[in-house]
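K.L.:
Next up is a structure, given as structure tokens.
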Amino acid sequence: MQTDSSFTFVLFGGTGDLSMRKILPALFEAHRAGGMLADSGKIVAVARHVADRGEYLQWVDEHVKPHASKNGVDEAAWTSFLARIELVKIDLGNPEDFAQLRDAIQDMPGIRVFYLATGPSLFVPICHALAAVGLNHNARIVLEKPLGYDLKSSNAINDAVGEIFAEEQIYRIDHYLGKEPVQNLLALRFGNALFEPLWRREWVESIQITIAEELGVEARGDFYDNTGALRDMVQNHLLQLLAIVAMEPPHSMDSDSVRDEKLRVLRALKPIDPHEIGKVAVRGQYHSGVIRGNAVPAYATEHGVKPDSSTETFVALKVEIENWRWAGVPFFLRTGKRLADRVAEIVVNFRAVPHSALGASALRAGANRLVIRLQPNETIRLYCLAKQPGEGMNLASVYLDLAFDRFFREAQMEAYQRLLLDVINGRLALFVRRDEQEAAWRWVEPILNEWKASTKLPKPYAAGTWGPAAASAMLAQHGTCWLEEEN
Ligand code: BG6
């Protein structure tokens, strides 16, 4: 893809973890690939604790390069990438300093992108300071999650940012929307007539969406302990995946058609009845355990975590969608840290045949299912029953397998690369609109409130397992189980 969309990409938090691991490596990859970034495009890092541009480039060399290319860095491309980078040294807490930023970038070309890779408490002050020096025109602003702590605080940020930037200028990142397999889910659903007639309550018994991680809270104990899995993963990534799985076919792939359809799903989520929370929501917290042969400590002993913390590191939910397509179909969502495996997948369990002439196994739930594995190793498998070779009519489970690396030789594009290119090129479809974000907060809030008020602690689970037993019991009540429990 050739582009001539010139840009000035201003990166607030230029020495932060996100810049180091994700944003600068993604920009480098787009630069290296050639033709994706306009030659005249500039990257302006905003940082305070580096002496000058030379020192910053040295930092980039030492810290960003190791994350920059999986298969070694092309040195010529790296040198020309560094040449794009400028540094502006200002104190973000001091609005007067923003005049220096304005002076530094005023003659730079193209659209201005302000990427706020900072703590959320700086979002509003930065926007005000940008507006005060007239930098909110010909500009786009990118906001990282978490955007707020609940509906009220998210509204406060959105109101304040919205006074300075129009909604079409605001790019709210949910990096799951930039993942290749999530794009592929849209292709699967809306590029094939095959699935559409089956994608509804008449044929689907239940749907599971899991994002499981082996990692714990790493160096983010402090942040995580004030956040928890519901805010960190469910309010955004899991509800966005749910919306994509459940949405109606959009009229086109333009930004508002897709986002309108996702919004309809989010607004149709059956509100959680506070009295029923024990039946539809399970929260857990990991204790010490063993993952792939290595002993790992309990959450409560992680750096930055309060020893008596009641923060959840695991959530499982039963969600219902109140519309004609999905009424009565349970969607089971699950996410957790320090689980047995790192896997993100969507499992669509179809109903069993209404009558079996071939014995009881054909009536088994899950005989027909579609498993969409998002990561690692993207695959889509359609499970069916087939006759086992030999005498008699014995059925066994087999699958049609779509393994993308067998069909496509091209490397997958990293989520951040796709999303940053979309910001530079003004494509909003993969960013979360304010009304979607509000609907998601509104839906999770009763759970947050109930858990906050509850004297019950999250259920313990050993690191390296699949979470508390209560998460399995919740599915058992519906005559089903999590996918890994079948094997
Ligand atoms: C982030 C969460 O949004 O997503 C992290 O804050 C989590 O806690 C991460 O680890 C998972 O993303 P991925 O792409 O590694 O599945």
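Every residue gets a Cβ built from N, Cα and C, even glycine.
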K.L.:
Report the candidate from LYS65, LYS70, LYS337 that shares the substrate site with HIS175, LYS179, GLU213, ASP232, as recorded in TrEMBL.
P.N.:
LYS337
K.L.:
My understanding is the cutoff is Cβ-Cβ under 8 Å with a sequence separation of 6 or more in the same chain; which residues meet that for LYS145 (NADP(+) binding site)?
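P.N.:
The list for LYS145 (NADP(+) binding site) reads ARG172, ILE173, ASP174, ASN236, given in order along the sequence.
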K.L.:
Applying a 10 Å Cβ distance cut-off over all chains shown, what neighbour count does LYS337 (substrate binding site) have?
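P.N.:
A 10 Å sphere around the Cβ of LYS337 (substrate binding site) contains 25 other Cβ atoms.
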K.L.:
At 10 angstroms around each C-beta, which of the binding-site residues ASP91, GLU213, ASP232 has the fewest other C-beta atoms nearby?
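P.N.:
Each of the binding-site residues ASP91, GLU213, ASP232 was scored by Cβ atoms within 10 Å; lowest is ASP91.
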K.L.:
Tell me, by DSSP, whether LYS179 (substrate binding site) is helix, strand or coil?
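P.N.:
LYS179 (substrate binding site) sits in coil per DSSP, no helix or strand.
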K.L.:
I'd like to verify something. Among the binding-site residues ARG48, ASP91, LEU92, LYS179, LYS337, which ones have a C-beta closer than 6 angstroms to some atom of ligand 1?
P.N.:
none
K.L.:
Cα of ASP91 (NADP(+) binding site) to Cα of HIS237 (active site, proton acceptor): how many Å, rounded?
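P.N.:
Pair distance, Cα basis, whole Å: 32 Å.
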K.L.:
Considering only the recorded positions ARG48, LEU92, HIS237, which fall within 10 Å of HIS175 (substrate binding site) when distances are taken between Cα atoms?
P.N.:
HIS237
